[in-house]
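The block underneath contains the structure these notes are about, expressed in structure tokens.
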């Protein structure tokens, strides 16, 4: 074993959930409902699961396309062939957010059909694109799609309600397997709750299999994030109490991120802490700071000390 640090099994089960192993195979093209066709982006991997899901929505010749994958030749070949074979034209191309695995296919799509240049929609549009606003409606035969602003995973993230199916295109906010990541955890939690309030039964995620029980999946996501907050706040509160016992009342104490990780997960390789855990745990700490439940001492984010401002039961 040498000087190697032991791996924490519970951490790896969480971190690798839905990543590369034991994922169900998804067809390259599939009719997932009578009005929704899923076309995979051809970009499978640890961050993209089976690849980016792009969706053709509608029942007539005119359809809505949601997302354009990463820009790999496999995707433009699949979708262009499908459009030609089924005599379909695109009325709207809706982008859930700016990340490259969702917008990368736009140039290929326009190169294939220059008439689509003015049919690209995004919340924070690039030059020549159209904006998407909260509540905006996009309609074609057989499909009414309503945009819902859901920031957090990214600043411009949109979900889309398919009214005819009471279904939600969840983008990257909720995945078919495992958990997503957030740029702004506070906004992300608000968006998850707003998505839950829509009461859609079915989820069409941007990565992974269809979510048959979307309310249950949203509850799982919310509880997972809230559980992490409670766990970290409890760890810091315990340190606060023990620090006051050791050094007297009024002592803030505090733990570095490494010390928090060791307390919660046990000892892990430093590379794992910095590359896998630190980004998400720092987001939790920042949210707790914004909620005025945690404070910190100035310094490097990985080395500064964090301390509880209030106690928990």
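Glycine too: its Cβ is placed from the backbone N, Cα and C atoms.
Feature annotation from Swiss-Prot assigns Zn(2+) 1 binding site to 97, 99. Residues or ranges marked as active site, proton donor/acceptor in Swiss-Prot: 101. According to Swiss-Prot, the Zn(2+) 2 binding site annotation covers 101, 102.
Of the listed binding-site residues, namely 99, 102, the sparsest Cβ surroundings within 10 Å are found at 99.
For residue 101 (active site, proton donor/acceptor), the Cβ neighbour count at a 10 Å cut-off comes to 23, with all displayed protein chains included. Mapped onto three states, the DSSP output places residue 102 (Zn(2+) 2 binding site) in helix. Of all Cβ atoms in the protein chains displayed, 25 besides its own lie within 10 Å of the Cβ of residue 97 (Zn(2+) 1 binding site).
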